[in-house]
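Here is the structure we will look at, set down as structure tokens.
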Amino acid sequence: MAVNFPSIDPAQLHPVAGVTLGWAEANIRKPNRKDVLVVSVEEGATVSGVFTENRFCAAPVTVCREHLAKVRAGGAGIRALVVNTGNANAGTGEPGLAHARETCAELARLAGIAPGQVLPFSTGVILEPLPIERLKAGLPAALANRAAANWHDAAQAIMTTDTLPKAASRQVMIDGHTITLTGISKGAGMIKPNMATMLGFLAFDAKVAQPVLDALVKDVADRSFNCITIDGDTSTNDSFILIASGKASLPQIASTDSPAYAALREAVTSVAQALAQLIVRDGEGATKFITVTVEGGKSAAECRQIAYAIGHSPLVKTAFYASDPNLGRILAAIGYAGVADLDVGKIDLYLDDVLVAKAGGRNPAYLEEDGQRVMKQSEIAVRVLLGRGDAQATIWTCDLSHDYVSINADYRS
């Protein structure tokens with residue numbers, strides 16, 4: 001079940017000028033469910049993305065990279081995105097690449113744009129051929145359904161093992177101009193940094209130069225979707241896309257050194273973090289949402305390395321599920337994180353406000369009932385103080401329950 005998942009009111013998902021979304025039921029894997037999404041962006045928008053680091057990347061990821069490379073080389077801008085659920089089109093070889101390109105070509109034909117102006121995305125079962133004819137047959141309905149206010153339907157259309165649609169929206173003022181940001185995400189399992197079995201699409205109406213948007217998407221991903229983990233697996237299809245429609249009155253942001261860029265980065269990061277945290281809250285079988293913060297490191301990289309050792313540990317995660325304050329498991333994870341010169345004699349460990357370990361050993365004042373009180377909460381903060389510098393890092397994770405096994409054992413049935 002989802003952990004303290006916020007209620008999402010479709011009416012509070014602000015339309016983004018220059019962006020429309022439409023969906024269809026194409027029976028990609030199961031009948032009577034939204035499983036195709038088309039996102040159209042008006043001419044003049046800029047689009048950028050980051051993708052999985054899994055070497056066995058899916059066919060649509062390869063095609064997305066190709067099309068964005070052509071844009072960066074001066075080609076025509078991206079005008080549409082197409083997403084299917086139920087089938088990952090991964091591990092499908094040359095036929096899979098042909099299907100991804102055929103999807104782009106068909107949507108381009110219907111929309112009156114070039115195939116290279118389409119980005120394809122797939123999510124679902126790996127190693128099965130994409131039912132391309134069903135997907136193509138669903139495109140006209142998705143195009144006909146397009147509307148600026150369809151963000152909630154769009155969030156439903158990209159779900160797989162998700163139990164709830166994930167969306168976030170906000171409006172901010174930058175240099176006296178209103179900027180609207182709205183995004184959707186999906187993902188519930190195989191969540192690990194770089195990036196997760198996740199798709200994330202975030203649009204805003206600021207006008208941003210292509211090189212600046214390329215920098216922004218990497219920066220934002222590193223502060224959001226690369227800070228979550230559920231089971232430590234990295235997917236073949238991870239994709240995070242930013243769309244800058246350019247319809248707001250704010251002058252174009254052409255430099256990463258400008259105050260406007262800093263303000264936009266803060267706003268985009270806040271929405272992306274909300275979308276990333278929704279994925280963890282809806283993690284497969286999750287019953288607890290856990291924030292792991294490591295402070296006092298020599299670098300943010302080593303802090304994140306230790307945080308992920310804690311967040312990935314099945315022993316730590318099952319202890320949280322059982323509300324068992326077997327917190328030595330956290331110390332063990334810190335120790336095997338791979339920070340070679342770590343002085344464990346300087347480490348303090350907190351569970352919420354409870355000091356569990358001090359100077360590398362059990363705090364004499366620590367009572368197990370205090371630890372168990374925190375472990376029974378649905379939201380828990382783990383804080384590690386390394387005592388070797390000023391850097392810090394935070395990740396978000398969840399516990400590991402019996403339901404996680406059941407969901408994944410039954411996924412293809």
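Positions of Cβ are set from backbone N, Cα and C atoms, glycine also.
Taken from Swiss-Prot, the feature active site, nucleophile applies to T197, supported by sequence analysis.
Per Swiss-Prot, substrate binding site is recorded for T160, K186, T197, E284, N408, S413. In this view, T160 (substrate binding site) is surrounded by 20 other Cβ atoms within 10 Å of its Cβ, with every protein chain counted. In the three-state DSSP scheme, T160 (substrate binding site) falls into the coil class.
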Please give me the CB contact count at 10 A for E284 (substrate binding site), counting all chains in the structure.
25
Close in space, distant in sequence - K186 (substrate binding site), Cβ under 8 Å, 6 or more apart:
T85, T123, A155, I158, M159, T160, D162, K166, M198, L199, I279
